[in-house]
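Worksheet for the structure shown next.
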Amino acid sequence: MNWINLLTPLAASAVIAAIPLMLAALGELVTEKSGVLNLGVEGTMLMGAIGAFAVTVQTGSLWLGVLAGIAAGVAMSAIFAWLTLSLMANQVATGLALTIFGIGLSAYIGRPYTDATIPLLADMPIPGLSSIPVLGPSIFSLNPLGYLSALLLVAIAWFLYRSRAGLVLRSIGEAPSVAHAIGYPVVRIRYLATLFGGAMSGLAGAYYSVGYLRLWQENLTAGRGWIALALVVFATWRPGRTALGAMLFGVVMALQFQAQAMGIRVPSQALASLPYLATIVVLVIISRNRQTIRLNAPASLGKPFFAGS
Amino acid sequence: MRRKVLITMASLAAAMLVCACGKQENTTANASAAASDAQASAASASKGPMGVAFVYIGNPGDAGWTYAHEQGAKAVEAKFGDKVTVTRVENVPEGADSERVFRDLASKGNKLVFGTSFGYMDSMVKTAADFPDVTFEHATGFKSAPNLGTYDVRTYEGAHLAGVVGGHVTKSNVIGYVASVPIPEVIRNIDAFTIAAREVNPKVKVKVVWINSWFDPGKERQAAESLVGQGADVLMQNVDSAVVMQVAEEKKIHAFGWDSDMSKFGPNAHLASAAIDWSKYYLRTVDEVMKGTWKNAPVWGGIKEDEINLVALNDTAVPEAARKAVTARHDAIRDGKYDPFTGPIKGQDGKEIVPAGKTLNDDEKHQINWFVEGVEGSLPKP
């Protein structure tokens, strides 16, 4: 067996597993860049997953399903934004509550759908590129949601660091009082950033239930929303690094199963713990350089903004 | 400031409320742990329908473990009608949390309480000691008490029949096994499956991938895909979701369903499902408790008791020879003429573990911690 035969399925499995993590993490990144900390990602992803799955079952249309997943994510983050930005509730507590709420509500809505089946969202290999060894099958023969995810990554990176609106968003995350004094509508922009984050979490959930697993079961995401939250810190609030981090997670997750299937005699529990070990190692490496974190973490993250203060 | 705290608390409370509704929708159990135990004897002494309670680890919508138990609960309702009131509590986490649920059910006057997950064991032992008038039954456990029985199903017999089919169907001679958590029950299933598959086709190798979780469809999918990538053309599983079946359908290979009929998730891929039927056991036990004849004796039913079988064999994918072989093996096990764990059985390293002529007894089967020859994969060594 040559190395291409080993690497190709590994890379393909890793990329597919990484996409929902990346989508949710990118959404949260934009939210956090505006200074809002939304810990409700897991609950929002679950609502996106069941929203997308239920609507797909009812209408037979995968795309209506995906839109419904995004809408469910927006609705969840609207609740969060109203509580924290208008009513000034504590962001950490509200985010945790939102996750608990999402787990319960998605389970409740999902009851009739646990036996349902939906059509496959077919892969669309790009002619030519998809025959490149290793990379072809993994990144050039994704399903449409996979390509959409790649576009979103580029768009978000461009928006944050190359557009004027992105600059305003970041300045609000760093110094909301100053931005307010200059005349920017801090609360309105934070609302938009939070709703966008919710839409991305909803899309991540939709990808997971409709694009990847094609089924619904209670608590389907099994903690991936929390991994996405950790990824944002892991990537020191940078879009490119967020994508790389998600990929790293995907590789390590895929590796544990590949190694077992290949008969490599490593205790499976040790392999299962690899993603978490990798996170800790990278966090330690990043934290050695305090400036890296200080430069990139939005200075007002998690702090409520009072227009009068 | 006070407003902030109030709002936060209100949102938390709202979230909790919705969770509670979602998770215990059709139960009569109250979350309040303060129910007085004194009410218990009063409630149970009164004539009327007998209270029967089922405590589930998941929700029955799953095609899988809890679904199979729910079919049993429905059978009890259908047969005993007005003579019983059946209560279900779903999504009860294992461990200390479950004790509250068992105490609550016992104090509400239920005469018979079924706990359907391994991790409820210690909670049930503690609760049973405090409610001597209530009969408790724990699925898959090994600790008992005068009023706490244990019951289980010989799932390995279902896995063994699946192995007969798998050995006939595989062309690549590689069968992939998506396994959950490395405990004797799962190891026993893998061994029984492999023994049958290699009896039919000695070239068969069974590749095992552990996901180290009872529930994570994402991992189940990755495990199944890795096995397909390594050449498996038949997938067997010891997990609950239908993901493995879907992967097989997408990759145009074959797979077996587990715990319940999973044919709808992969009409072409589905070979057969090893399905558990708890209903006969549940009907018998309810009847015994009602008549007062219940005695604590561990129950481990299998093919003989009609509690496990290989169902929904695929007409096009399963060859006639395999069908005949399965029927023959089923009947031999039913009549007590065959046991998969009869020697000679060689271990993974080729050394003999069970000598010719010897059959493992139930205690030995309960402690299996070795793979048979033909299994590729590692077991965590203590």
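Yeah, the Cβs are placed from backbone N, Cα and C, and that goes for glycine too.
Among the features that TrEMBL reports, transmembrane segment is placed at A:6-24 (among others).
Here TrEMBL flags A:36-56 (among others) as transmembrane segment.
Residues or ranges marked as transmembrane segment in TrEMBL: A:62-85 (among others).
The annotation transmembrane segment is assigned in TrEMBL to A:92-110 (among others).
Positions annotated as transmembrane segment by TrEMBL: A:144-161 (among others).
According to TrEMBL, the feature transmembrane segment maps to A:189-208 (among others).
Within the chain, the transmembrane segment (A:220-237) has long-range Cβ neighbours (under 8 A, six or more residues past its boundaries) at 20-22, 24-25, 28-29, 32-33, 39, 41-46, 49-50, 99, 201, 204-205, 208-209, 213, 244-246, 249, 275, 279, 282-283, 286, 292-293, 296-298. The transmembrane segment annotation in TrEMBL covers A:220-237 (among others).
Here the transmembrane segment (A:244-264) has Cβ contacts under 8 Å with residues 6, 9-11, 13-19, 21-22, 25, 227-228, 231, 234-235, 271-272, 274-275, 278-279, 282 of the same chain, all six or more residues outside its ends. Summarising the annotation, TrEMBL assigns transmembrane segment to A:244-264 (among others).
Sequence-distant contacts of the transmembrane segment (A:270-286) (same chain, six or more residues past either end, CB-CB distance under 8 Å): 227, 230, 233-234, 236, 245, 248-249, 252-253, 255-256, 259-260, 292-293. Residues annotated as transmembrane segment in TrEMBL: A:270-286 (among others).
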Residues from the same chain, set at least six apart from the ends of the transmembrane segment (A:6-24), whose C-beta lies under 8 A from its own: 41, 45, 133-135, 137-139, 142, 145-146, 149, 152-153, 200-201, 203-205, 207-208, 212, 221, 224-225, 227-228, 231, 242-243, 246-247, 249-251, 253-255, 257-258, 262
Result, the transmembrane segment (A:144-161) in contact with the transmembrane segment (A:92-110) (3+ CB pairs under 8 Å): no
